[in-house]
């Protein structure tokens, strides 16, 4: 019945100073536009959005400049309200992008609760998330009340949420907080996976947290970075990466980089380790090590820019001019089209190793053939010596020449095979880049 009533109303209802307050509470999410009557573009955009979303939200509009001023809105402006909060924006010309952003802000609780059902939504919100860790519902309610003025002040800039420290306390470690020391507060810049933990000895009060949040927004606080020491040497087939050299090794270099993000306790990671070392050996030659780096990072001890969704993912970071964005590969996931393409990218990278392995086997066979040929020639030369010194000299010279040609041919095959392997892998990666 409620939906039928909404359908009976116009897509955009006209509001006045007498009806505005009641209209604001008429639905879960209400958008009111304050546009001048002659602002044709803004009015048309608002009406178009309203026609498409009238089943989900309530839309109202007024051309009354005095009412806009009384509401503290500068024309052209939009105000989005819900039972828990109000969000507003003023701009020279609100665009279609304005509306989803306002609806998302207005529909997010002022201080919500982080849990399995809400975590993904907070991560996708596009703004930082402030965590309030506390053990009991009573404590979480108390801190929510204490920090409510800050949540109101920074609505649309930072999401505030409590989190059950008993059930999800281990997540504090991901934010570089000390697990077990409660209550605790930290901000996560979700888009960059940067962490800003507070001093856990300080009290969680509006004053203390307010200053921390203001400094965070002003860029006065550096993110907390957890890192192992940079290795003194990295001579093995697999380069060890830590947080403090991640940018230099993985991002700012002139090579393609394949990175394994692992956890020492992960059984799958342990099973992969010897194979990954073999892969590193395949790329250890002078020819290929100039093009590709095989690397690994302990994701439990090092912060990295990308959030790791479980362990054992590998990420290929191609040279920027070939593919400017990193691609995360999760081998144990199946079914989605993006993952399928990512697996193809992994295969394109792995084809280098396979081709090099083929080239190596070919080289061994060619070298063996060359050795046999040389031995046979020397044997024939020896027999010839027995029959005549002059003929022996010519035969030995001819044998040495043939052996040299055979070895050169084998070396040429190795070089061509490796070059072809690198060329095919580069072309394959380029093809996948075009699809992505």
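Any Cβ shown, glycine's included, is placed from N, Cα and C.
Residue 266 (active site, nucleophile) is surrounded by 15 other CB atoms, counting those within 10 A of its CB over all protein chains shown. Under the heading active site, nucleophile, Swiss-Prot lists 266 (among others).
Residue 269 (active site, nucleophile) carries a helical DSSP state (H, G or I). Counting every protein chain shown, the Cβ of residue 269 (active site, nucleophile) has 19 other Cβ atoms within 10 Å. Summarising the annotation, Swiss-Prot assigns active site, nucleophile to 269 (among others).
The compositional bias 'Basic residues' annotation in Swiss-Prot covers 334-343.
Look at Swiss-Prot and you will find 362-377 (among others) tagged as compositional bias 'Low complexity'.
According to Swiss-Prot, the feature compositional bias 'Low complexity' maps to 385-436 (among others).
What Swiss-Prot records for 266-269 is disulfide bond, and it gives sequence analysis as the kind of evidence.
Sequence annotations record features per position, and here Swiss-Prot assigns domain 'Thioredoxin' to 216-365.
Sequence annotations record features per position, and here Swiss-Prot assigns region 'Disordered' to 328-436.
Taken from Swiss-Prot, the feature motif 'Prevents secretion from ER' applies to 433-436.
Around residue 267 (site 'Contributes to redox potential value'), taking its Cβ as the centre, 10 other Cβ atoms fall within 10 Å, counting all chains. As annotated by Swiss-Prot, site 'Contributes to redox potential value' applies to 267 (among others), with the evidence given as similarity to another entry.
Swiss-Prot lists 268 (among others) with the feature site 'Contributes to redox potential value', giving similarity to another entry as the kind of evidence.
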**Complete:** Here the mean pLDDT of the motif 'Prevents secretion from ER' (433-436) is 39
